[in-house]
Amino acid sequence: MARIVFDLDGTLLNSAPDICAAGNAALATLPAPRPAPLSLGEATGFIGSGADQFVARMRAARGIDAAAHPALLATFIDAYEGATGLTRAYPGAVEAIDALRAAGHRLGICTNKPVGPLAAVLDAFDLARRFEVSIGGDTLPVRKPDPAPLRAALEALGKGPCLFVGDSETDAETARAASVPFLLFTGGYRKAAPRDLPHDALFDDHAALPDLVAGMLAGIPDPATAR
Ligand SMILES: O=C(O)COP(=O)(O)O
Ligand SMILES: [Mg+2]
């Protein structure tokens, strides 16, 4: 029995199309001449450090002045709140979650997604009941890669061995900062090659996750060492 915390965007859900659309909705509120819309690839590269950083990266890519930041962030969050229609769970992700739950593990979410859109997407994918805790990018005063949100999620799950499952540079750094073993999903939004991201195991298919977790746990020493 373990405590397993998951990142969300790029790990369980392919949400980049909705986030891209929210970014473009924000850009569309700027006065003419308007910057070109974000491509999906560009927007995907901006995900992983929360809404504020997404907007900052979008501004940098389009040469938009910092003075426009607060209004752009507000319109981005507004469009983002209910944006679930273009999001898809990765194949086998929900089944893997259910298999891990059936094996007795306690599951949580630690994402940099703001709590508004987080609640909407957990609801849309019927995920809320599958996780005992979900920490968003604005739940605490700090967000990943600060280890505090991951620690808070683990704390809420009680005691036992722990693992963190994520897709990005931010997640690898968070796991290392919290001294928690890290499972890297290679099909998400990372920029670096997997070999350049510190990880304890990796997978490209969620169907492999339950066995991978079982194998890792068999080799993991006492949980207290990872707290
Ligand atoms: O950057 C975000 O908004 C969310 O990203 P995460 O779910 O991968 O933490
Ligand atoms: Mg992610």
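Glycine residues also receive a Cβ, built from the backbone N, Cα and C atoms like all the rest.
Since this is a predicted model, take the numbers as computed values, not measurements.
Features as listed in TrEMBL:
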ACT_SITE  D7  active site, nucleophile
BINDING   D7, D9, D167  Mg(2+) binding site
Subject >> Cβ contacts of D167 (Mg(2+) binding site) (under 8 Å, same chain, 6 or more positions away) >> reply: D7, D9, G10, T11, L184, F185, T186, G187, G188, Y189, R190
Original post:
With every protein chain in view, how many other Cβ atoms are within 10 Å of the Cβ of D7 (active site, nucleophile)?
Top reply: 28
Original post:
Including all protein chains displayed, how many Cβ atoms other than that of D9 (Mg(2+) binding site) lie within 10 Å of its Cβ?
Top reply: 26
